[in-house]
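See structure below.
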């Protein structure tokens, strides 16, 4: 039973972390290698919020705002010239990640930071005590997934974003301000990444390089998922579940590379991943 | 790329440069203190890695983070042999052999994984990210064998001492750099740029870009392994970090900052940055990384070709000279070996069909073409003409039916294999190599028949008479040394046609070769096609919208409408048929 819960909650956490990256990749076809840095920014927002003596939950909106604002600046200055050079965009955002990591180190020091728990304790699920926070992660993942579905299906921005995904030239010809759609998408994606960073704080230690560890896994999941949130959810369930199984029954070390290796193999067999219609 | 064309002066400059650096390397130990020697030894090893990344990324266009994994594999293979088996001469030899073999095997596997038929450049990058992570985790799980997270220390290596290692590394770096320079500037090295520019064209010139990339990955993995061997010996310690993906990104950063695609730039970048990091990281560790990271971002956005590009802007470029006649290679016509086997069918298509999902684009196509025929394929937009051409030149395209070229079934064959059977394809939009010169493009077209030199740059250009004729009639023979990017649209079309003819195909597929050309250029191409088929026995299939043009030059016309072949007959039969008027009425003539 615990195993099953572990599988579901791990998938949920992966989904939360990868969602911001997917939003950007899905619409902009750009891989934001500074994604890890935004997770770190989010986590340090939680640290700063705690330092100011505010309610730990206040970190969530603060992180989203900070992440989105910084993301907006990044899109304008760094990403915009590179839409036609996607491989260079990977490199430039990676470089940005280094810069952000160093700035955080200069500001907060390189030591591990601790944040107050958002939720502590366990609850009984079918007679087994289980971490309340991990269960809440599932709820958070659902909320994010649904919010995105609503954003894409139910709002004007979402409609424009879909148009940009399908045929950017046509979208522009139809009078959609694609530059603004891109800016907005990038801001939502980075805001989400920072939000995910806050949600990660009770699960991992907070240090300037914490994001890198999460980057590759979410990157691979996004490559498999393509541009759809439902395929991302499936990919997270399948690969996250396998990761838990491998960690439990084989070795935690191999568990750590399960997602990356499996995704690479899936992409070799079917270059479009799970996104095939 | 400004570079002299004649061989001797270049070789002299290169030799002089190598000698000068060699002198520095030999007397270096007398000048530097221990710390500097140590750091520079490491920097030079890293510079070797930067050279391999530059060949892969700068020249061939494969962004890779995987060299770190091969480097780490080589270093660990050496260190494990030396720790567990001792450092006798035999074991040192074994360590070196394994340091080359293990990465090469890994490289071959990674290459096979990365470069399948139709895989994207992004996928190769993805794989190159996963490989270092996997290798690092294997090291972590290796227990006493790999020393796990603390690495391996305290083994003895080559009996050289600090100064000896400095000299050995320096010499290895010089050798690597010289080989890389000679290779990338040779005729064979142009292949790398050709792959980066236009992989599809490479495949349709009968070259196998995927196999070339796998070979390249394998060999450069071996070079990274040698660097790993040197590192394991010189530093006396191997740690999981040197196999990791973060280290892989560092190599890319050095390469980018030094200037990709220049070989020398990345060497300077690696040595400069690594040396400065070691000097400065004591005083301002985070600030230094901050500066490097920020510089890297700025560089990628503003100067994608690195500092070398800046140097190129300041120094006078030699483009003018290159465009002139002075250094362009001589044109030598070769005897054509195009034995026209009259009567045998070059192409036989039966029951060919192609569907995308439930959409049937082509169905039940039957078509035979014999040597000497110029068959025009006409039909309104969306009739499936280009799709049919694709099915004829790529054996993985057709959904049903059978296509045979010169009697051989092509189903499942990749474009380069079909080219080997004698098919040349000219694309609708001129598909040439923009970063190369006219002569280089033509030489690549001959590469599948005559392997280009690994070391030299030919002074002459041997072409079949038919291809040379095209060059002469279009005036391209006077611009062999000119970069393709400076050609006009019509000249590019003619160049591509000459490249296709240089393959000496039995069957030429031409997709709207006259689109966007002037009247004069059309007439020239029309005359060339008539000569190729009528006099020289080539067969050709021509997709064309312009019925007047088609009427003048074709021997036969085939009409395609809504995915079906509706008419196949002589020029008069087709042009005067009621059906063609119906299909084309209403101005489907786009």
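Quick reminder: no glycine exception, Cβ is built from N, Cα and C everywhere.
Feature annotation from TrEMBL assigns transmembrane segment to A:12-30, A:37-54, A:60-79, A:91-110, A:130-152, A:181-200, A:212-237, A:244-267.
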(request) Select the range from A:60-79, A:181-200, A:212-237, A:244-267 that forms the most Cβ-Cβ pairs under 8 Å with the transmembrane segment (A:37-54). (result) A:181-200
(message) Below 8 angstroms Cβ to Cβ, which residues of this chain, lying six or more residues outside the transmembrane segment (A:212-237), approach it?
(response) 7-8, 11-12, 14-15, 17-19, 21-22, 25-27, 31, 33, 35-36, 39, 97, 141, 145, 148-149, 152, 165, 200, 204, 259-260, 263-264, 266-267, 272-275
(request) Grab the same-chain neighbours of the transmembrane segment (A:91-110) for me: Cβ-Cβ under 8 Å, and only residues 6 or more beyond its ends, written as numbers and ranges. (result) 30-38, 40-41, 44, 47, 74, 78-79, 82, 207-209, 211-212
(request) Would you mind listing the long-range same-chain contacts of the transmembrane segment (A:60-79), meaning Cβ under 8 Å and 6+ residues beyond its ends? (result) 28, 30, 32, 34, 38, 41-42, 45-46, 48-49, 89, 92-93, 96, 182-183, 186-195, 197-199
(message) I need to check the long-range neighbours of the transmembrane segment (A:12-30): which residues 6 or more away from its ends have a CB within less than 8 Å of a CB in the stretch?
(response) 38-39, 79, 82-83, 86, 89, 93, 134, 137-138, 140-142, 144-145, 148, 161, 164-165, 181-182, 185-186, 188-196, 199-200, 203, 214, 217-219, 221-222, 225-229, 232-233, 236, 239-240, 259
